[in-house]
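Everything on this sheet refers to the single structure shown next.
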Amino acid sequence: MQAVDQSREGKRAVIVESDRGRYRRMVATVVSDPLRNRFQPLTRTLGMPTEPDTHYDPSLGNKFIFVTGGVMSGLGKGITAASTGRLLKNAGFDVTAVKIDPYLNVDAGTMNPYQHGEVYVLEDGGEVDLDLGNYERFLDVDMTSDHNITTGKTYKHVIEKERAGDYLGKTVQIIPHITDDIKRRIREAAAGHDVCIVEVGGTVGDIEGMPYLEALRQFAHEEDEEDILFTHVTLVPYSKNGEQKTKPTQHSVKEVRSIGLQPDVIVGRCEDKLDPETKEKIALFCDIPTDAVFSNPDVEDVYHVPLMVEDEGLDQYVLERFGLADEALPEGERANEWRDIVTTEKSGTVDIALVGKYDLEDAYMSIHESLKHAGFELGVDVNVHWVHADGMADGYDDQLEDVDGVIVPGGFGMRGTEGKIEAVRYARENDVPFLGLCLGFQMAVVEYARNVLGLEDAHSAEMDEDTPNPVIDILPEQYEVEDMGGTMRLGEHTTVIEPETLAYDLYGDTSCSERHRHRYEVNPEYFEQFAAEPLTFSGTAGNRMEILELEGHPYFLGTQFHPEYTSRPGQPSPPFLGLVEAVTDGSTTSATDAATETDGETDTETEVTH
């Protein structure tokens, strides 16, 4: 690699070019200005932003952290990576992330929630893996579809180029064509950021991930060594005699090295912190310094992982490894909002029922996280009680008698819809705070039409094509759509909010922008029948109903959009904050009450019940 004058002072160009000539980056001209130290671009080769509020420093170049996992999937390497990114952001750097999913699906939009958890929707309408949600929440950034690389997306692009004749008759192969496309996508996603974290889904050794690991090997060969950091997350289990076992880690690293990669950092996922002897053993057999072995033990909540990573010193090690320690904010000047938020003492407990159809917690991850964010803001623990919608179909109200609030989430298909309708009825008739999301919003309309307007056969056309009263019908633009993947009304859309409504009080504005994922909407033919009712559509997008609320009810709100996708620690989603606040005001269960009932012997703890 050749670098030309990387001084940060004066009017200098920073040019980096690989010795193979494959990758050329003209970074920026730096102009010293006592009033506004701004960077003036020489080129937009990588589309680097130049706005002064991006916090991006072109003179630093791009730094890449590649995160792989070993031994088994589901170790939490994404949370580890996101936590590291959060700390780097606290230190003053612009951080982004890329999630690689080695499946042949183009995106996650058609995937079964039982297998992969929720489908997370991005601002631009991308349907992606739930890990992207963690990155958005931890880094407090809005990502795009370009930050999710799938095998299906990559292969589709390369095949389309071959069909168009772009390869000029060459034999199209995994190497170099697929690997080159992977590298291109990573570089484009990293453009304009100081640090890019790239997480490779799955486990090292999986056949699906081989092209990506080869691409990363090539990537590291093409970049400066000091700009690349390989982090490997492995499992360190206990034996029956209580000894921390390193053999799984040793074999996992052996697999990584057989591919041509050498981990720079090893993070051990374990029940407790790694013993000093365990760290030394891992360092010896995996050929890395002892101070490059870190613990990531179990914690009570994922939002405490950044605190654990900071205590371990992983963030400082990364800064020193990248040569960024001198560029980072002094520790006393770094943002501490995260620690303040997640360590806030709770003064009460509320119980919220989640009435859904997928009995996998990850299928509703963003809802769980949004409730936590609201709890952080209000200083209460939120206990989420799982209620299977199928079990509510015959009106078993006793399942909701002991909860303070009800959420009916989104979903697809007929199964569970009658139970969701019953849950809406219970909340409406018993003045229980209620929040309906997407399908939950639609079922609130159906319930009201049946039980208040007297349209006994009212339903959604999605569930019953022959219903005589389709109060929910397909979007007009969906009539000619045949493909399932990526064809819904997706991404961020603006909703106009009526003043002097609950929605206006929540958002504090006459409009809001939230993310959508639906094919059906409130049927315009029934607008007049709802017009004189206490059920008010307080948010609209043109002729589309987006928000409903019920006058005279403590808290009854439904949204066609998914507010859970934009909720962040310190910035809770308004509908969720409103729900928990309403529940807190009306709840009879508090930390003080609980202490009184048990003579002060029992502490309140957060739990999730299925």
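Glycine too: its Cβ is placed from the backbone N, Cα and C atoms.
Straight from TrEMBL, the features:
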ACT_SITE  C438  active site, nucleophile
ACT_SITE  H562  active site
ACT_SITE  E564  active site
BINDING   S73, K245, T246, K247, P248, T249, Q250, K281  UTP binding site
BINDING   S73, D206, I207, E208, K245, T246, K247, P248, T249, Q250, K281  CTP binding site
BINDING   G74, L75, G76, K77, G78, I79, D131, V299  ATP binding site
BINDING   Y114, G411, L439, G440, F441, Q442, E462, R519  L-glutamine binding site
BINDING   D131, E199  Mg(2+) binding site
DOMAIN    63-324  domain 'CTP synthase N-terminal'
DOMAIN    361-581  domain 'Glutamine amidotransferase'
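Sequence features, as recorded in TrEMBL, placed on the structure.
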| residue | record | DSSP class |
| --- | --- | --- |
| G76 | ATP binding site | coil |
| E199 | Mg(2+) binding site | strand |
| K247 | UTP binding site | helix |
| G411 | L-glutamine binding site | coil |
| L439 | L-glutamine binding site | helix |
| E462 | L-glutamine binding site | coil |
| R519 | L-glutamine binding site | coil |
| H562 | active site | strand |
Compare the Cα of K247 (UTP binding site) against each of the recorded positions Y114, I207, L439, H562 and report the nearest. I207
Taking 10 A as the limit, how many CB atoms besides its own sit near the CB of K247 (UTP binding site)? 13
Give me the CA-CA distance between R519 (L-glutamine binding site) and the residue listed as 'active site, nucleophile', in Å, as a whole number. 10
Cβ atoms within 10 Å, counted per site: which of G78, P248, G411 has the most, among these binding-site residues? G78
Restricting the comparison to the binding-site residues S73, P248, Q250, G440, which residue's C-alpha is spatially nearest the C-alpha of V299 (ATP binding site)? S73
Within 10 Å of G78 (ATP binding site) (Cα to Cα), which of the binding-site residues E199, I207, T246, K281, F441, E462 do you find? E199
Here the Cα-Cα span from I79 (ATP binding site) to Q250 (UTP binding site), rounded to a whole number of angstrom, reaches 22
Cα-Cα, L75 (ATP binding site) versus E199 (Mg(2+) binding site), nearest Å, comes out at 13
Would you count the other CB atoms within 10 A of the CB of D131 (ATP binding site), including those on all shown protein chains? 22
Among L75, I79, V299, L439, which are binding-site residues, the residue with the most C-beta atoms within 10 angstroms of its C-beta: L439
Looking only at the domain 'CTP synthase N-terminal' (63-324), report the model's average pLDDT. 95
Tell me which residues of the chain lie with their Cβ under 8 angstroms from that of Y114 (L-glutamine binding site), as long as they are six or more apart in sequence? Y358, L360, A363
Can you give me the same-chain residues 6 or more apart in sequence from Q442 (L-glutamine binding site) with a CB-CB distance under 8 Å? G436, S460, I472, Y520, V522, Q560
Sequence-distant neighbours of K245 (UTP binding site) in its chain (C-beta under 8 A, six or more apart): V236, P237, Y238, S239
Rounded to a whole number, what is the top Cα to Cα distance in Å among the residues the record ties to UTP, namely S73, K245, T246, K247, P248, T249, Q250, K281? 23
Report, as a single number, how many Cβ atoms besides its own are within 10 Å of the Cβ of F441 (L-glutamine binding site). 26
